[in-house]
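Here the structure comes first, spelled out in structure tokens, and everything after it is commentary.
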Amino acid sequence: MLLAELAEVSRAVAATPARLEKIARLADALGRLAPDERAVGASWLAGDLPGGRVGIGAATLRAALEAAPPERSGPGLTVAEVDAALRRIAAVAGPGSGAARRRELDALLARAGNPERRFLAALVLGELRQGALEGVLADAVAKAAGLPAAEVRRAAMLAGALPPVAEAALSEGAAGLARFRLRVGEPVSPMLAQTAADVDEALRALGGEAALEWKLDGARIQAHRDGEAVRVFSRSLRDVTAAVPEVVALLRAAPEPRLVLDGEAIALRADGTPEPFQVTMRRFGRKLDVERLAPELPLTAFFFDALVAGGAELLARPERERWAALARAIPAERRVPRLVTRDPAEARAFLEDALARGQEGVVAKALDAPYEAGRRGAAWLKVKRAHTLDLVVLAAEWGSGRRRGWLSNLHLGARDPASGGFVMLGKTFKGMTDAMLAWQTDRLKALATGPLDAWQVPVRPELVVEVAFDGIQSSPRYPGGLALRFARVKRYREDKRPEDADTIETVRGLYGG
């Protein structure tokens with residue numbers, strides 16, 4: 001398939017808010033991919049690069065696009081050719097790697113038309129937002145392959161990713177999907193929680209009685225044991241076994257020889273309170289001297305679910321049964337603190353105790369719900385005390401899908417008194433109602449300092465917005481080295497001027513907290 005065809009599908013999918021039309025267009029494209037293009041094509045349509053980032057930043061990409069020659073006629077780029085080029089770029093390393101990546105990128109863009117360039121730019125930066133979430137794409141794979149959507153979703157859950165499932169479904173049908181099952185030693189995508197405003201809302205949503213567990217501000221881990229073989233995986237399914245010898249020892253000491261457990265690893269202070277998230281994450285760096293760092297910064301594992309225990313796979317079993325299996329496998333001090341209640345007052349006290357002890361909050365869980373790997377299920381509801389900052393809007397991006405036609409993805413910055421400017425801390429389109437999107441689009445158009453037909457529109461830094469977020473993390477992507485975690489807009493502060501916004505020093509203070 002030509003890249004231009006895939007770029008047009010992406011544009012058309014972004015242009016329609018209708019789920020069924022998105023599915024139909026995606027299914028048609030998936031069905032036309034050559035066998036060796038199916039996995040990568042599915043990845044791209046999901047907005048992902050199969051191998052992750054390719055080492056090209058926004059500044060390099062912008063310069064390459066500006067230097068690209070005018071469009072010219074000739075043979076179009078194929079999906080396979082572009083995939084090979086991106087893999088070559090990602091593989092470049094060593095002295096002069098930046099210049100070598102730029103040469104490869106220039107050669108690729110020289111053969112691409114403008115729609116293809118826009119598609120590639122969004123793909124490389126991880127910003128291809130076309131309203132084709134994984135659920136929509138899974139339904140499209142099912143439609144293209146003539147298979148039940150539930151079977152495709154379950155296979156993707158167990159595979160930890162949709163692209164290999166798409167390739168198997170399109171190439172082999174039901175027989176291909178049958179290969180995907182939970183195997184000890186191979187990670188599955190973790191179940192995630194939706195958000196509730198408070199524990200009262202969480203209990204109501206879950207039908208009264210629920211289990212409440214501390215939400216630790218640590219690193220999510222999935223620990224597998226098969227005899228003496230132990231493997232530990234991160235939330236992103238990266239093998240981190242070598243980084244966590246404490247977890248390996250705990251699993252080997254368990255009374256059961258076959259286990260798959262879900263939990264958190266966290267660095268604790270001497271008084272038992274948690275270190276900041278970024279301190280825990282020092283143990284998970286890619287260049288890590290574990291023998292030196294582990295004694296200085298030990299990790300403690302706490303588990304809250306069992307996917308395999310007692311000789312059985314437990315994904316489909318109710319939460320209360322999975323907890324009972326976990327309790328038989330792991331001692332109480334290595335399980336998260338837990339309360340089963342239907343009493344809102346008791347639940348509020350449990351939350352306040354967790355917060356007082358430095359934890360993020362609690363997760364409320366439906367006692368009869370299965371483990372929905374890879375899904376942000378309504379059976380788990382997290383309740384946290386959010387932080388807020390007043391930040392300034394520096395730019396905005398045009399939305400896609402339901403947000404098409406609105407400036408929606410806000411670039412947010414903190415005031416820098418030293419320079420008189422602003423330091424970007426991240427982007428978000430979360431938390432905005434349709435009315436807010438319409439209002440801010442009109443205001444941002446009036447403040448634009450660049451062309452309105454560009455994908456990203458810079459604006460005069462005059463609008464102050466109150467932003468809620470869950471934490472602050474280090475990030476080489478932004479000039480200040482910091483980024484907000486899970487930022488969402490609460491409201492615009494029209495009563496505040498840019499000089500009233502929070503400063504980067506305030507943000508650094510929260511980070512060092």
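Cβ coordinates are placed from backbone N, Cα and C, and glycine is handled just like the others.
Features reported for this protein in Swiss-Prot:
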type: BINDING; residues: Glu213, Arg220, Arg235, Glu264, Phe304, Arg376, Lys382; note: ATP binding site
type: ACT_SITE; residues: Lys215; note: active site, N6-AMP-lysine intermediate
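In this view, Arg220 (ATP binding site) is surrounded by 15 other Cβ atoms within 10 Å of its Cβ, with every protein chain counted. Sorting the recorded positions Lys215, Arg235, Arg376 by the number of other Cβ atoms within 10 Å puts Lys215 first. Arg220 (ATP binding site) falls within a strand when secondary structure is assigned with DSSP. Annotated pair Glu264 (ATP binding site) and Lys215 (active site, N6-AMP-lysine intermediate), C-alpha to C-alpha distance, rounded: 9 Å. Taking a C-beta cut-off of under 8 angstroms and a sequence separation of 6 or more, Lys382 (ATP binding site) has the following same-chain neighbours: Ala193, Gln194, Thr195, Ala196, Lys215, Gly361, Val362, Val363, Ala364. Glu264 (ATP binding site) has a Cβ environment of 22 other Cβ atoms inside 10 Å.
In the three-state DSSP scheme, the residue listed as 'active site, N6-AMP-lysine intermediate' is classed as strand. Non-local neighbourhood of Phe304 (ATP binding site): Glu213, Asp262, Gly263, Glu264, Trp323, Leu326, Arg335, Val336, Arg338, Val363, each in the same chain, at least six residues away, with C-beta under 8 Å from its C-beta. When Cβ atoms from all protein chains are considered, those within 10 Å of Glu213 (ATP binding site) total 24, not counting its own. Look at Arg235 (ATP binding site): DSSP puts it in coil.
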